[in-house]
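Student: The structure is given below, and queries will be raised subsequently.
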Amino acid sequence: MGIVDQPQSKGQESTPGDFAAVQKSIIDLLNQPDYDDGSAGPVLVRLAWHSSGTYDKVTDTGGSNGAGMRYEAEGGDPANAGLQNARVFLEPVKRLHPWITYSDLWTLAGVTAIHAMGGPEIDWLPGRTDFVDDSKLPPRGRLPDAAQGAEHIRHIFYRMGFNDREIVALSGAHNLGRCHTANSGFEGKWVNNPTRFSNQYFRLLLSETWTEKTIPESGLLQFSSVDQDTEEELMMLPTDIALTTDSEFSKYVQLYAKDKDVFFQDFKKAFAKLLELGIARNSEGKVINTDNQKGGYRSAPKKSDSTPATSGQPGASKTGGCPVMHHKAKL
């Protein structure tokens, strides 16, 4: 697949600290006609999410510092399958702005993409550092397993320090992107326009009739509905449906379905909080933690842990068929 390499073609390195220039380069790369729905935006949001969602508040390990997905132990986690694409998309930006760390670039790309796709402008602070080797990576098993229910969702998100309202707000990221059987075992998109940030995800959760569907290639169960207006099939994951069957989660689903502005405000705050997990700052906002210790809390093993990591030819592909990053990788 050809990658639209616009920032590199524009030639000139920016001044260190010019994050507006970095954002401009990210926006230039969002249009990817040969990739999912013509946009790199959703996978950049997922990269920011997964690079931050390893945090454990008890041990103060994991989080957005380090850019651990450059190494096989984290990048090769089946939960991160397909994110090689996001890293490949951003490599021209890194070459054009070599002064920015990968951990800052990945998180900045997420908030930039959300805003460019019609979402809220999310507060973001720089200063993250990159690991120099793979000795300080968080353990696998900390990211959500979409095949599970409400108990698992709380297990994962409470560990990071989120409450029920924040959990549902962050789930609204499923307004963007789609699932690929080759990556997660699930297939399809949640909403009609997966490159436009909105509250349609919540409205569809409540308005549609969701029926069970098994994906033949993976044997995983998801939920399906055919949109009456467009006649296209949409899907929901077990974790999505759990938001409607749990009484506490459900009240926030109903709130966000009715009021997009409230959802945007709550998502803005929750996503900013997510990107700061594991980051210690002084009164001036400067990052003062030097690393994240390896070890700490492990969540229950996920079903996807038995799935081999995706492999394929170098470069980004529609189905996430890039090789995983090995322990000396620089992407």
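Using N, Cα and C of the backbone, Cβ positions are placed for all residues, glycine too.
Below are the features listed in Swiss-Prot for this protein:
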- ARG46: site 'Transition state stabilizer' (SITE)
- HIS50: active site, proton acceptor (ACT_SITE)
- HIS174: heme b binding site (BINDING)
- TRP190: active site, tryptophan radical intermediate (ACT_SITE)
- 306-316: compositional bias 'Polar residues' (COMPBIAS)
Student: What does DSSP say about TRP190 (active site, tryptophan radical intermediate): helix, strand or coil?
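Tutor: In the DSSP reduction, TRP190 (active site, tryptophan radical intermediate) maps to coil.
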Student: Between ARG46 (site 'Transition state stabilizer') and HIS174 (heme b binding site), what is the CA-CA distance rounded to a whole number of Å?
Tutor: 10
Student: What count of other C-beta atoms do you get within 10 angstroms of the C-beta of ARG46 (site 'Transition state stabilizer'), across all chains shown?
Tutor: 21
Student: What is the interatomic distance between the Cα atoms of the residue listed as 'heme b binding site' and HIS50 (active site, proton acceptor), given in whole Å?
Tutor: 14
Student: Between TRP190 (active site, tryptophan radical intermediate) and the residue listed as 'active site, proton acceptor', what is the CA-CA distance rounded to a whole number of Å?
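Tutor: A Cα-Cα distance of 19 Å.
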